[in-house]
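Quick notes on the structure that follows.
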């Protein structure tokens, strides 16, 4: 049974053009070809990456956060309440007004106290500023090193300058040691991202991130199995070219270096759009879709490889939409809720842009909710407070 499935999976017509077999890719005359067994090492290396990441975040990123004066916001903890905690964990973190009133009766708290409890409890679950800075520092370091290494691997190759060279002699193209290590390191890193995604900072595009990691792992692995190595190295280097810019912008954002953050973000937006919405579809995908058909008839591997590239392109379009929205707010100086709307809250991750006094937030992030509980309690008893004293004004409007 297992052998039958194995034979079907590695059926040559799935992976190779017509009239070619795995025997054509056997190592001979000092030439080494890509094999699936070469990638087995990526799984243990992924766990090694997690260990290295922990050491990096502890002994490099944390001291760096101190040097950059990354300040943590003090959060008030929600008072232990079994009724509210059970509803929070089992039902929803954002109860509707009717549910709030019901919980108020069950818990013995006022409606305002229930609303305040849920705000504080949600804030407790949000990642700390230090956690976000450490994560961004780790990714920035890897992406920068990977981009430099990727360029070193491909910049002296003829297919870097002439994309038709990508398919010259395909699939009888021997593997270079530099290509092997570039693939192994990239694939190991993306495995580590997939393994740690549950504990990493979660944003609104959490599902898209999972799809991206899975699609990337499948694309890297498949390109290796089918000996699409030349195209694969170009695609990996292309994607690494903008990622380190985004992570560095996040780091400066968390450190409060707004102008530096904004300037880096503008560069990131330009590089992202040029590489992923121009070079990827009009050069790389043209290379993978058109040129191979000049050499051999389309086969399953051809369709599958290009399908995964389309999936990545759709994700890039989604993220480009968010980036353009942010850039538009930056240029026009408009922010959600108007200027100063976010003064009382610290955005949850991502990049801040400031234009003409307005704060523009990462479209993938949600804001940390403000909590002025003590002022609310005093206001409920004595009216609004000013510098700790009641304001003698009967025409005020209570705010929450």
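Cβ from N, Cα, C; glycine included.
Look at TrEMBL and you will find 39-56 (among others) tagged as transmembrane segment.
As annotated by TrEMBL, domain 'Homeobox' applies to 67-128.
As annotated by TrEMBL, DNA-binding region applies to 69-129. The predicted model assigns the DNA-binding region (69-129) a mean pLDDT of 85.
Sequence annotations record features per position, and here TrEMBL assigns domain 'TLC' to 131-332.
Per TrEMBL, the feature transmembrane segment maps to 140-160 (among others).
Away from its own ends, the transmembrane segment (180-198) comes close to residues 34, 38-39, 41-43, 45-50, 53, 142, 146, 149-150, 153, 206, 209-210, 213-214, 216-217, 220-221, 224, 229, 232-233, 236 of its chain (Cβ-Cβ under 8 Å, at least six residues beyond either end). Under the heading transmembrane segment, TrEMBL lists 180-198 (among others).
The feature transmembrane segment is assigned by TrEMBL to 264-284 (among others).
Counting only same-chain residues 6+ beyond the ends of the transmembrane segment (304-324), those with a CB under 8 A from a CB of the stretch are 205, 208, 211-212, 215-216, 218-219, 222-223, 226, 228, 231, 235, 269, 272-273, 276-277, 280-281, 284-285, 288-289, 362-364. Among the features that TrEMBL reports, transmembrane segment is placed at 304-324 (among others).
If you look up TrEMBL, you'll see 335-400 marked as region 'Disordered'.
Residues or ranges marked as compositional bias 'Acidic residues' in TrEMBL: 368-378.
Sequence-distant contacts of the transmembrane segment (140-160), counting only residues of its own chain at least 6 positions beyond either end whose CB sits under 8 Å from a CB of the stretch, comprise 56, 166, 168, 178-179, 182, 185-186, 189, 230, 233-234, 236-237, 240-241, 243-244, 247-248, 250-251.
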